[in-house]
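One structure is given below, encoded as structure tokens.
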Amino acid sequence: TGEAEAARAAMGGSASLLPREALGEYQELTFLSKQEILLAYKRFSELLPKEERENACSARVPKSQILTLPELRANPFQHRICRVFSTSGNGDDSMSFEDFLDMLSVFSDSATSDVKSHYAFRIFDFDDDGTLDRKDLEKLVNCLTGQGEESRLSHAEMEQLIQNILEESDIDKDGTINLSEFQHVVSRSPDFTRYSVLQ
Amino acid sequence: EVFLPEEARGATPVDFLQQLPSYQSALRRRATAGTQDRRAASQDPAGLRAAEGHGLQQEGDEVAARPAREHPLTIAEKRRLRYCQQADIKYLSGWKQWKRTSSKSLKKVLSEVKELSSYLELWRHDIHSIEGKFGTGIQSYFSFLRFLVLLNFIIFILMFGLVTLPSIISKYGMFNSSFAKIPPKNVEPHCTVYEPSGNKGLVYFYTYLKDLLSGTGFLEVTVLFYGYYTIDAEWISIQKYNLPLAYLLATFGYLALSLVWIIKRSVGGFKQNLVHNKDPFQSYCNKVFAGWDFCITDPNAARLKHRSLQYELQTDLEEERLKRKIADRTTKEKLRIYSLRIFINIIVIAVLSGCFYSIYRATVFSQENSNVSIRHDDVSNMNFQANLLVQYLPSMVITLANFIAPQIFSFLIRFEDYSPAFEIRLTLMRCVFVRLANIGVLLFSLWSQISYCATDKCNACGYNYELYPCWESEVGQEMYKLMIFDFIIILAVILFVDFPRMLLVTHCSCKPVQWCGLQEFGISDNVLEIIYGQTICWIGTFFSPLLPAIATIKYFIIFYIKKISLIHTRKPAARPIRASSSNFFFLVVLLIGLLLAFIPLGISIAHIPSSKACGPFRNFNTSWAVVPHTIDGFPTGLRQVLYGIASEAFAVPFFMVICLIMFYFIALAGAHKRVVEQLREQLVMVRFDPLFCSPKV
């Protein structure tokens, strides 16, 4: 009703909607602080249509809505991120509140490098086969340099680049990068933890 | 077929990877159930319980299983894992249960404390927003600026607490304090005459302005300069306080503090350098896997980032092709290029000598003419503006040299035919050298003036007592003028160059103006600017103890001004500098500045006779002499120990032991590198060795 909504808005909204035990549980299971979880709840419920905001914890937000978030809007890996973090069984990449929290937790400041590199591997694995082969690397580089014909590297440059990457990271020389090799090479990368933080 | 299914083939290399030294040290930091269990857990949520149980069995009696949130699973799976963990706790003994719960609550408390302390961070929100809009390269510049503000503030607190505050307390007789001015002994009386003009009687208003800008007049007799601290000993309610010793120790203290703090901050980048055998900051994997800056929210910034990534990758690939070309050069070409480089280096040296000579002449001219008018009260000789101009002449020449020399260097480097990355580094190193050496030349010319002695009377004092009765205050004034002028120039460039340019570009749409466009935010130029200011502060604090306070205020204001200038008048740089490499580079250059600051200070303290007319070191030959004097007052045993430490009998064996330790660590690093190589080779062979291809049970 109108008065109930006004009262909730006056009290600051989200704090009264998210039950305390759930808040404590999420604090333990993710790397987010209490403030961050409450803020995430507020933003998630704003993505839902008004009628579904009551039980935001169990609602699912379609992918098109998720992609309107400012953090994901400009990100070239937006589709992969939605695919990796979504737990929806029918492949439509919709995200529940817990998926959303998972995503924010992995990209937060306090997440361990282990967890970040594990998810980064899954995001970069475009064909979901458990390894990064040449096609995955090619798609990855094209994502980085931007969509559009003039922003892609030439074929020769791409070959040279992929050859260099495999030389540096493919330890068992099988032409693909598996999870352990990826985590090993990323653990020595000085920029990885700095850049993989969403604000 | 000998070849086996995917999972097993993927499993065996992992075991060898676990023997790599870097992985071992990561393992030591956390107890883990093993990579295989983690992989099994991530691929098969139903096998969670088995994985965790297996993990616990593997660890035997060890308690520290990883908390649920460090597993890369969805929240629902983590919930189940936590439930299993809690169920398993019942099987552990009471002691281990208590250990686990207490470590959990300790972690909670620590995270709360960390959250609270992050609110105390200065400018947290500003730097956050800069990071979001402009990326982490420019953000590192502002973090560096914040670091310098804090460093200068701490140095100021140190000097103020140890030197200025006790002086003020005893001069005004607070807390039952008194001081003693011991008349200097064994010194010619003419050396001890020092009458700073102060400002007696009615003076024109502009005299105050002139004094404020050049540190003379009424400022000379304040706490700001060395000359004020003419106290030999104080008693603060029966406790004796040795001010000369405190002054010297505070100087060493702030230098040591700066050194330790900078080294601590740069250790992270240095570790990467030592472990990696290739160049770590340019490696392709770093650029591709850690290339995208997830902070970027603005579509424009994203487009720029795409372009800069494309440019960076293309440049690196081109550089690699260039390197291969260079390796194929003929001897005749090599000879031509080397002789060209030698010729250009000679030009560079000539440019540097020109700068140094002009600074020397400017300093000499400025000292001679300003002394004539001030010392002999000959105010009518020059009017206000000309006097100020003469006072600031060295600063102006230095700023001009700092502006022109880098332009010349970046023009010349094109002919030397280096790879692009090396070109950037060499130009930067030359610019750094120019800026820091200019300060050194200024000080050298000051000293040549101060110690220039023609008469015997002058030789008796050891310095030119007529013109410089209190030479430390003079040097302090020069440093003060350099700092003020640097600040004025930064403000003037932003107000009178950047903002008009921005207005012109926005409102005038004619072709040449649009082609010029806005200027980029050159990170290296800005960083060199503030490092130059910081070096002045380090050198000048000995001669002017309140200089760090001025530096703190200056950098504080510069932060806001640069931020506003960045947002409104700059376009982002086309050529990106990575945050990790830039952080390390800033700190290395800052360290070079600090080490270069040691040299003038060392010479002033230990070599040049201190002035006999003012300051806390009147009764000593040099400023350093107060330390042997104090040690002589120690009890015999302690004195002998200290003399023993300073003697050769101790220094030589100590040096040899340090060398041995260093060789041990170098050998250890070499051994680790060899292990890594061997393991890499083994990994390649394992794939084809039938012995290892048998499926694991």
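Cβ from N, Cα, C; glycine included.
Looking at the stretches B:200-223, B:392-415, the one that TrEMBL records under the feature transmembrane segment is B:392-415. For the domain 'TMC' (B:470-580), the mean pLDDT of the prediction comes to 86. For the transmembrane segment (B:147-169), same-chain residues at least 6 beyond its ends with a Cβ under 8 Å from one of its own Cβ atoms are 122, 175, 177, 223, 228-229, 231, 234, 236, 241, 243, 246-247, 249-250, 253-254, 257-258, 261, 265, 530, 534, 537, 541, 545-546, 548-549, 551-552, 555-556, 559. In the domain 'TMC' (B:470-580), helix, strand and coil residues by DSSP number 87 helix, 4 strand, 20 coil.
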